[in-house]
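Trainee: Can you read through this structure? Questions will come right after.
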Amino acid sequence: MAAGGNGAGGDTRAAFARIYKTLKEELLTDPAFEFTEESRQWIDRMVDYNVLGGKCNRGLSVVDSYKLLKGADALGEEETFLACTLGWCIEWLQAFFLVLDDIMDDSHTRRGQPCWFRVPQVGLIAANDGIILRNHISRILRRHFKGKPYYADLLDLFNEVEFKTASGQLLDLITTHEGEKDLTKYNITVHGRIVQYKTAYYSFYLPVACALLLSGENLDNYGDVENILVEMGTYFQVQDDYLDCYGDPEFIGKIGTDIEDYKCSWLVVQALERADESQKRILFENYGKKDPACVAKVKNLYKELDLEAVFQEYENESYKKLIADIEAQPSIAVQKVLKSFLHKIYKRQK
């Protein structure tokens, strides 16, 4: 989850960074595998390259949310460690998804550097590295949470979110399948389903669900909160689709390729809804082609249809609805958690 504004304080960030080193060292000395020096160095470099480098907003959100739920300005040492550890599990999950997503999307850059599979000597070893990253999560959870009453709920939560995210990725991939390009399949319902499952659950619901479990809560009692966070995640992904086309690549850390990749983007769905027959013909002839001239024609059509203004209206209406839904929640602490998420992403530029 990209965010600006008021994130975690310096003390929280320092603790978060310190705990990363502890978790990584545990993984590098895991007695379940006899590492050679070469394999240990590979894992060390691979984890740093892929888990670090982002803004860590998903992970830090666990700590911030836990504090708000407890009504505490500061957490005890063990509470901080456990919250940060769950936060890092989400960052590891994000790394796992991104390593594999970049291979499937044939991407070039991620977080301002080459995608891991494009690093010399890595290539498709990155696919196995992704599997290792996912397995690290299970090992971290077992080491630090096995004795907790909510351990089984944590495992279920991560497994459920991973399944939903992978299913969303599948829907995204088969909808944009090479050789079967058919823009008539693209509509707001298909787009909504993809982003709900591909992004919203792991980016928005998972951090808050982790904080709720740490607080001793039963997730079955928070269906409304799940729905609000999924809506927020949808809004976030629409922002992402918008920034893919209109954001500054140097500022957002990646070069947008949704048009070239034939993505079921919010922008193309909006264009299809608004275009006349001649404009639709331009989309059908140019969308999903690598040729810069074709990309330019699509972007020019977006400008003709004034999709920037359409997005601004969508953003404002989404914000109003989310605020109303949040303020309908009976728990003030839960309201604070949800508002903290919303304020981090509202009007973001990266």
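Each Cβ is built from the backbone N, Cα and C atoms, and glycine gets one as well.
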Trainee: Quick check: of Gln41, Gln94, Gln169, which does Swiss-Prot put in the same isopentenyl diphosphate site as Lys55, Arg58, Arg111?
Mentor: Gln94
Trainee: If I go by Swiss-Prot, which of Arg45, Arg110, Arg118, Arg348 binds dimethylallyl diphosphate at the same site as Lys198, Thr199, Gln237, Lys254, Lys263?
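Mentor: When Swiss-Prot describes the dimethylallyl diphosphate site, the candidate it includes is Arg110.
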Trainee: Would you kindly give the Cα-Cα distance separating Lys55 (isopentenyl diphosphate binding site) and Lys198 (dimethylallyl diphosphate binding site), rounded to the nearest Å?
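Mentor: If we compare the Cα positions of Lys198 (dimethylallyl diphosphate binding site) and Lys55 (isopentenyl diphosphate binding site), the gap is 19 Å.
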Trainee: Provide, as an integer number of angstrom, the distance between the C-alpha atoms of Thr199 (dimethylallyl diphosphate binding site) and Gln94 (isopentenyl diphosphate binding site).
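Mentor: Gln94 (isopentenyl diphosphate binding site) has its Cα 10 Å from the Cα of Thr199 (dimethylallyl diphosphate binding site).
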Trainee: Going by a 10 angstroms cut-off between Cβ atoms, which of the binding-site residues Lys55, Arg110, Lys198, Lys254 has the sparsest surroundings?
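Mentor: Least crowded of the binding-site residues Lys55, Arg110, Lys198, Lys254, by Cβ count within 10 Å, is Lys55.
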Trainee: Let me know the DSSP-derived helix, strand or coil state of Asp101 (Mg(2+) 2 binding site), please.
Mentor: helix
Trainee: Across all chains shown, how many C-beta atoms besides its own are within 10 angstroms of the C-beta of Arg58 (isopentenyl diphosphate binding site)?
Mentor: 24
